[in-house]
Amino acid sequence: MALSEARKTPVDHKILDGRVIGEGIRAEVAREARALADAGWPPRLISIAVGDTDAAMIYIRNQQRVAEKLGIAFEQKLFPAEATRAEVLAAIAALNADPRVTGIIIQRPVPDHLLIKELQGAVHPFKDVEGMHPASIGNIVYNDLVMGPCTSVAAVEMLKHTGLRLQGLEVVVIGHSEIVGKPIAFLLMSEGATVTVCHHMTRNLQVHSRQADAVFVAVGKPGLVTGNMIKPGAAVIDIGINQIDLPDGGTRVVGDADYDSCYDVAGWITPVPGGVGPVTVSILLRNLVTAAKLQRGHYERAFRGGFTPCAPAVAPVAE
Ligand SMILES: NC(=O)C1=CN([C@@H]2O[C@H](COP(=O)(O)OP(=O)(O)OC[C@H]3O[C@@H](n4cnc5c(N)ncnc54)[C@H](OP(=O)(O)O)[C@@H]3O)[C@@H](O)[C@H]2O)C=CC1
Ligand SMILES: Nc1nc(=O)c2c([nH]1)NC[C@@H]1CN(c3ccc(C(=O)N[C@@H](CCC(=O)O)C(=O)O)cc3)C=[N+]21
């Protein structure tokens, strides 16, 4: 057994076990999904991908697996990499208009001839279960997280499981993409942490990371963060999902942190697989249930008032 495998035991308190944490979230999601289905509003998730990247395919596979386990309807729409803007926008418009569809997720990345911001902006905010419509992601600045961005919410949830007090905590976030690094920084700021965001132009990554009580890494480079870049006792939250080829022709999923060297120094660490990934899927399905409830409330209000159901083009806000 590899060293990293041997350490993945439930009794190892250094390891933040995403399968256990994700399971806790799913129990409530399953209950709510059943209640919605019984009331005639079953949640239904549609996953759109244009072209196929390894990380997105792993994600879709797990969305499907977990949705099925929870009795939630799931459908995949896989477009070829050369699909046109008009084709993808038309598919999104049809899904927006279909009352049986309660959530839409667009896998990233999309091919260069498409603009993710435009596609994401075309998803109705009530069906934006990723929280990545420009209006939804903007709400993060107001600390309004009705449907927060899944991966970032999941990553911060992992840190909360350390029991560390987030107020005043020194945190370094490596990677500043709009879907992971930036929203993590906003979530942490709203928790009172002191946040430093690093990226490819950061002159000396380890000068920053070695000061941090917690390091988040979301870059897409296996082994980027090594034990000598971590302050002893710090938490390492590894968001990277990279499929690497093995000499025997097989493949393996690894994160952005060099697990074994970080394990030795860290106070807590998220493994890959089995860390942030499973929690991300749970948060996505939790958002799907929230979306179904928002849509139900909207339609019921609209019908009561005698109006034709027509969802407003605004992001949801907390009731
Ligand atoms: N577990 C989960 O739920 C999820 C996992 N992922 C995984 O997380 C990783 C990152 O995803 P994503 O944010 O979408 O990727 P992007 O490619 O969009 O962003 C990568 C970020 O890393 C920065 N970067 C690149 N090189 C370096 C470097 N040498 N040092 C520091 N920063 C660097 C980039 O900065 P710059 O722009 O300045 O070049 C950019 O901000 C991937 O492995 C992806 O598969 C993603 C989403 C969800
Ligand atoms: N719009 C969009 N949002 C994303 O959040 C997004 C995306 N696009 N594109 C691709 C990346 C990657 N990603 C993963 C999330 C969970 C697992 C996951 O569940 N992983 C499990 C299983 C791994 C395995 O099966 O080997 C684990 O880490 O244990 C994987 C990958 C989300 N991403």
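Here the Cβ of each residue, glycine as well, is placed from N, Cα and C on the backbone.
Residues or ranges marked as domain 'Tetrahydrofolate dehydrogenase/cyclohydrolase catalytic' by TrEMBL: 16-130.
Annotation source TrEMBL lists domain 'Tetrahydrofolate dehydrogenase/cyclohydrolase NAD(P)-binding' at 149-295. Mapped onto DSSP helix, strand and coil, the domain 'Tetrahydrofolate dehydrogenase/cyclohydrolase NAD(P)-binding' (149-295) counts 56 helix, 30 strand, 61 coil.
Here TrEMBL flags Gly175, His176, Ser177, Ile241 as NADP(+) binding site. The Cβ of His176 (NADP(+) binding site) has 18 other Cβ atoms within 10 Å, all protein chains considered.
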Pairwise Cα distance maximum in Å, NADP(+)-binding residues per record: Gly175, His176, Ser177, Ile241: 16
Binding-site residues whose CB lies under 6 angstroms from ligand 2, from Gly175, His176, Ser177: none
Stretch-averaged pLDDT - the domain 'Tetrahydrofolate dehydrogenase/cyclohydrolase NAD(P)-binding' (149-295): 98
Number of other Cβ atoms within 10 Å of the Cβ of Gly175 (NADP(+) binding site) across all protein chains: 23
Ser177 (NADP(+) binding site): tally of other CB atoms within 10 A of its CB: 17
